[in-house]
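Novice: Please find one structure pasted underneath; my questions will follow.
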Amino acid sequence: MNGFSTEEDSRDGPPAQAAPFFGQTCCLIDGGERCPRPAGNASFSKRVQKSISQKKLKLDIDKNVRHLYICDFHKNYIQSVRNKRKRKTSDDGGDSPEHETDIPEVDLFQLQVNTLRRYKRYYKLQTRPGLNKAQLAETVSRHFRNIPVNEKETLAYFIYMVKSNRSRLDQKSESSKQLEA
């Protein structure tokens, strides 16, 4: 089975109006009980299964269901547990103040392959040829997390833009108009 199902295969209960896939419900068993929530577009992959088993969560797939879609609640729950554990672990025990800041997780897998390739080309990232989208997204996200950012300057510029309803780009176009006149 490849995770896709037909309309006839997906009839595992009464159709729910909110479910995007013909009334499918979440394929997970949470604490011994089947999740009644409507399935979203997130699927229960081997990677998700591995992270669930590593985190010792009480989630399992229902073997009677013919699809692998999970609800948005469980998708967010799994992601939040994964991100919390990542932030808590550090080399120096996590007591330093720089580890207390909440680092947002950017999901670059949502980008198109061409965009990821353009990013790779722009920053001249060294990779082996023929990477698939997941490998390319992982390489790009590793680089993206390590880009130094001057937070003070960025915040000051943002506040300036909000207060003045302008940006530096607007100023450049105005100065070029003045030169033409």
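Using the three backbone atoms N, Cα and C, a Cβ is placed for every residue, glycine included.
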Novice: I'm validating the feature mapping. Which of 5-10, 83-88 is tagged motif 'Nuclear localization signal (NLS)' in Swiss-Prot?
Specialist: 83-88
Novice: Count the Cβ atoms, other than its own, that fall within 10 Å of the Cβ of CYS35 (disulfide bond), considering every protein chain shown.
Specialist: 19
Novice: Far apart in sequence but close in space: which same-chain residues, 6 or more away, have a Cβ under 8 Å from CYS71 (disulfide bond)?
Specialist: THR25, CYS26, LEU28, CYS35, ARG37, PRO38, ALA39, GLY40
Novice: Across all chains shown, how many C-beta atoms besides its own are within 10 angstroms of the C-beta of CYS26 (disulfide bond)?
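Specialist: So the Cβ neighbour count for CYS26 (disulfide bond) comes to 27.
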